[in-house]
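Encoded as structure tokens, the structure appears first; notes follow it.
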């Protein structure tokens, strides 16, 4: 069994805000207010995801985060005490490799969102560039998001939590999840000893390896941070040509097979 890391209506009923910084994304710590300028909070109804600002008008997230009347919040740190430079947009257009209803957890869990108007760079808002090359196994990668910070129940953090994990060989995830295909356009990342991981509510957020935006939170173990069960992230470098084509105006561009 695997867990898609989006916060659903049934889970939101268990929602409570974290009171202790020591209740650690899973195993993380509150992010520095200045280290997540490209991180977007994506909300619609009772659902929560994250996204990544890649230029003033475009955000990348996971296809399984798609929803109606989606709002994209930039410049957010504390959800209770908004930054003065917080900016909120809605999705003008959304692009997928597959229908958002037909994505698979093995492949193409990616959504490119065009905002209804550009955001302005500010103290807490700035885009991150697409990767110039694929990541290297063994890289230290940063994860971040407002998802649950407890494995026993859904406890959403008021501020994003950050943690460092390792980029692992894809074969490690195949050993953990035998149903995985021999190859896929995903990255395997985590801590084999367990304890640090993305979790429910972190879907769509970034995996930043050696300063480059390399992955999108997709799915993982039913128990976040479990030993020998790392998570899977959409491999951004495989989609840069498609992303750049869409942004350039070629809305019929096709994704890699």
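Residue numbers in this text run from 1 along the chain shown.
Just so you know, glycine gets a Cβ as well, placed from its N, Cα and C.
Look at Swiss-Prot and you will find 64, 109, 203 tagged as active site, charge relay system. Per Swiss-Prot, disulfide bond is recorded for 31-162, 49-65, 97-255, 141-209, 173-188, 199-224, and the stated evidence type is sequence analysis. Taken from Swiss-Prot, the feature domain 'Peptidase S1' covers 25-248. What Swiss-Prot lists as N-linked glycosylation site is 102, 169, 250, and the listing cites a curator's inference. The signal peptide annotation in Swiss-Prot covers 1-18, and the record cites similarity to another entry as its basis.
Positions of the features from Swiss-Prot, shown on the structure.
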residue : record                           : DSSP (3 states)
31      : disulfide bond                   : coil
64      : active site, charge relay system : helix
97      : disulfide bond                   : coil
109     : active site, charge relay system : coil
141     : disulfide bond                   : strand
169     : N-linked glycosylation site      : coil
199     : disulfide bond                   : coil
250     : N-linked glycosylation site      : coil
255     : disulfide bond                   : coil
To which of the disulfide-bonded residues 31, 49, 199 does the lowest count of other Cβ atoms within 10 Å belong?
31
Report, as a single number, how many Cβ atoms besides its own are within 10 Å of the Cβ of residue 203 (active site, charge relay system).
31
Within the domain 'Peptidase S1' (25-248) only, compute the mean pLDDT.
94
Proximal residue to residue 162 (disulfide bond) among recorded positions 49, 141, 173, 224, 250 (C-alpha distance)
141
Can you tell me which of the recorded positions 31, 169, 173, 188 is spatially closest to residue 203 (active site, charge relay system)? Compare CA atoms only.
188
Quick one: Cα separation, residue 169 (N-linked glycosylation site) versus residue 188 (disulfide bond), in Å?
6
Rounded to a whole number of Å, the separation of the Cα atoms of residue 255 (disulfide bond) and residue 109 (active site, charge relay system) comes to 11
Counting across all protein chains shown, how many other Cβ atoms sit within 10 Å of the Cβ of residue 162 (disulfide bond)?
19
Where's the emptiest Cβ shell within 10 Å among the disulfide-bonded residues 65, 173?
173
Three-state secondary structure of residue 188 (disulfide bond) from DSSP?
strand
Hey, how far is residue 209 (disulfide bond) from residue 199 (disulfide bond), Cα to Cα, in Å?
18
Taking the Cα atoms as reference points, how far is residue 65 (disulfide bond) from residue 224 (disulfide bond) in Å?
18
In terms of DSSP three-state secondary structure, what is the assignment for residue 224 (disulfide bond)?
coil
By a simple count, how many Cβ atoms lie within 10 Å of the Cβ of residue 64 (active site, charge relay system), its own Cβ left out?
22
